[in-house]
């Protein structure tokens, strides 16, 4: 990719120098034509980069079977040890994978001023954006830079980094330079689900670690305050659909949340103050007692009412019944499509017809795990240490 960009910049500079010797009128017309040419050239560059990335390798089950056959079992061992020590670790690792995959795209753009070209990370050219996918590439693990993605508001409370780093350290001893940090995150999420009696599934591996980690790239994470329309759009932008939104929200079947995220829903949801009317009357006083108006907003409570540590579909039934703890979960009932998907998991006496939450969850996790992956040495690397880019 760097070769393509270098050639482009060299070509553009030569063109700019020629333009400087023309009169102003010709210059204006030429700049317009050249800017259009620039857009085409950038599009071609990006297309070539994507083709190169795809052609080198691709995700597949068993990617490390020959190069590091014990990779997945090593990660599994660290996940189990951490989960036995902290029963919240499975939910923490599952959330870490989601946040790694769900950052927004990175735009590589150019900015024109007169005939000179400057390189910026996030600049607009003639209202044209040129995008490189960001996704499941371990970018959230980087912490040696003051603008690292880990510091983004959308990632607040994300943890589990030590588990990934410890597994990486062991893997570097056994098979150095082979297993990516991004793959460790994906494997750990699968093992976290299995540890809580959820489905075990084969993880596609072969991801490489990204070259970019920027706090601004996490600004568009799904947020508990988002409307259902905005939540859907954020999933659509990642190539996911309404079913993925519903079943991945089902990951809330394990784990806890802080009272901070409930305060507006309990005490300031309607004009003049008051709770969200969609909260079941039996649940509301319990939530208010756990999270009083002047209480500790860092206090944590289960997201899945009465089923905190077991992976099951009770979270979906709770959402349908008004027992959703999180506002974003409750909003799944505000949309006709997502409500129908929720309802489809219940009420049928014919189990062969009724969809399986576990099966659909696995399918959505696999889809999410493919978002913006880097599988080429031109677009990613195998980090030696997960929280630092290679030299």
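Glycine too: its Cβ is placed from the backbone N, Cα and C atoms.
Annotations in TrEMBL come from automatic prediction, not curation.
Residues 253, 304 are recorded by TrEMBL as Ca(2+) 2 binders, and the candidate that the same record lists for that site, out of 296, 312, is 312. Note: residue 181 (disulfide bond) has non-local neighbours 138, 141, 164, 168, 209, 383, 386, i.e. same-chain residues 6+ apart with C-beta under 8 A of its own C-beta. With a cut-off of 8 Å between CB atoms and residues at least 6 apart in sequence, the same chain places 102, 231, 234, 235, 328 near residue 222 (substrate binding site), listed in sequence order. Fewest other C-beta atoms within 10 angstroms, among the disulfide-bonded residues 136, 386, are seen around 386. The Ca(2+) 2 site is set by 253, 304, 312; from the centre of their CB atoms, other residues of the chain with a CB within 8 Å are 250, 252, 254, 307, 308, 310, 311, 313, 314, 315. Nearest by CA distance to residue 137 (Ca(2+) 1 binding site), out of the recorded positions 253, 259, 291, 304, is 253. Distance between Cα atoms for residue 259 (disulfide bond) and residue 103 (Ca(2+) 1 binding site): 25 Å, as a whole number.
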